[in-house]
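Colleague: According to TrEMBL, the transmembrane segment annotation covers 15-35, 56-77, 83-102, 122-144, 180-199, 220-243, 249-271. What TrEMBL lists as domain 'G-protein coupled receptors family 2 profile 2' is 15-272.
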Amino acid sequence: MIPASSLDTQNTRTLTYLTYIGCAVSAAFCALTLLTHWKHCRRAASEHSVQIHVNLASALLLLNLSFLASAVLSPLSGPGLCTAMAVLLHYSLLCTFTWMALEALHLCRLLWQPFTTYIRRYLLWLCLLGWGFPASVVLIIVAVNKKNYGQTTTGTSSIQKRNPNGTCWVTNVTIHYASITGYLGIVLFLNAGILVSVITKMAQLRSVSSHNETSRTCKATCSVLGLSCALGLTWGLGFLSIGYINLPILYIFTILNSLQGFFLFLWICMIRYRKEELAWKSTQNLETKPQNNIITTTTT
C-alpha cells in the first residue's frame, strides 16, 4: 500500500525491524491462543464465537509465519520456491481479512437474530468461506498466470538491499490493488458500520441501567477495543498513508497490526475471564438463596 520510494532508508529499516519483532510476538501469542483453546476445547466446542476467534488466530498465525519465512528465505529462494511463498503469503493475508469479515457478520447475527434463526452446520459454512474463498482467489490468479507471483521490488522491506531481485509477493499491480487494497477496504467499511451499531446498542443498554457506572464504562471500553482488534479496524490506518506519508500514523499502523495476534489473545482471555466471573456470581447466588430461605422461615 506504500511505495518504497516514499520512505528514507532509516525509517524503512526501523519499520522493517518493528514488523519482524511484532510478527514474531504475534505468532507466539496466536500459538498460545490455539494451545489454550485446545486445553479447554471440550467446554468451548459448541460456542461459535470462540471457534471464530480461534480461526482468526489461526489465520494470523499462518500470516505471521509465512511473512517471517518469506523474509528469511526470499534472498535464498529460486523462482519456484519464491512463487510458492508469495502464494502462501497472499493466501494467508486474504484468510485474515475474510475471518475479520466473518467476525463482523457473526456479531451482526448475534445482535439482530440471537435466537430466531438456526443455520445447520453454521461453523462448517463459515470455515468453507473463511478458508475456501481465499484459496479459490489465489488458485484463479495462479491459473491465469503464474508470473502474477514472484520476485518484486515493491514494498518497504530491507531485504531488497541483500537481494536486488526484491521480495516474494504479488507482481501484478492490478491484482495487488484489487485483491488486497480493494478487498480490505470493503471489509473495513462493513466492519466499521457493524461496530458503530454495536456501540449504539451498548449505549442504549447503558442508558437503561446506570448501576455501577464506572465498572460498566470500563467494560464497555474494553469490549470496543477488543472488537476493534477482532474486526481489524487498525488496518484502516494504512489507507491514511497512501500518497502523502504521515510517519507517526505509519509507525502506529505497523506496531498495531504486527501485534494483532497479541491483542487478540488478550481479548480472548478477557472473554474467558468474564464468563468465569459470571459463572462464579451465579453459583454464589445459588448458594445464598437457600440461606435466605432458612432465615425467612426461622423468622416467621
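Note: Cβ is positioned from N, Cα and C throughout, glycine not excepted.
Unlike curated entries, TrEMBL annotations are predicted automatically.
Describe the structural context of each listed feature in the structure shown, including burial, neighbouring residues and relevant distances.
Modeller: Sequence-distant contacts of the transmembrane segment (56-77) (same chain, at least 6 residues past either end, Cβ-Cβ under 8 Å): 19-20, 23-24, 26-27, 30-31, 33-34, 37, 85-86, 88-89, 92-93, 95-96, 98-100, 103, 130, 151, 157, 159, 162-163, 166-169, 230, 260-261, 264-265, 268.
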Colleague: Going along the chain, which residues at least six beyond the ends of the transmembrane segment (122-144) come within the CB cut-off of under 8 Å?
Modeller: 48, 51-52, 55, 59, 87, 90-91, 94-95, 98-99, 102, 106, 172, 175, 179
Colleague: For the transmembrane segment (249-271), which stretch among 15-35, 83-102, 180-199, 220-243 has the most Cβ pairs under 8 A?
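Modeller: The stretch with the most close Cβ contacts to the transmembrane segment (249-271) is 15-35.
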Colleague: On the 0 to 100 pLDDT scale, where does the domain 'G-protein coupled receptors family 2 profile 2' (15-272) sit on average?
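Modeller: Mean pLDDT across the domain 'G-protein coupled receptors family 2 profile 2' (15-272) comes out at 85.
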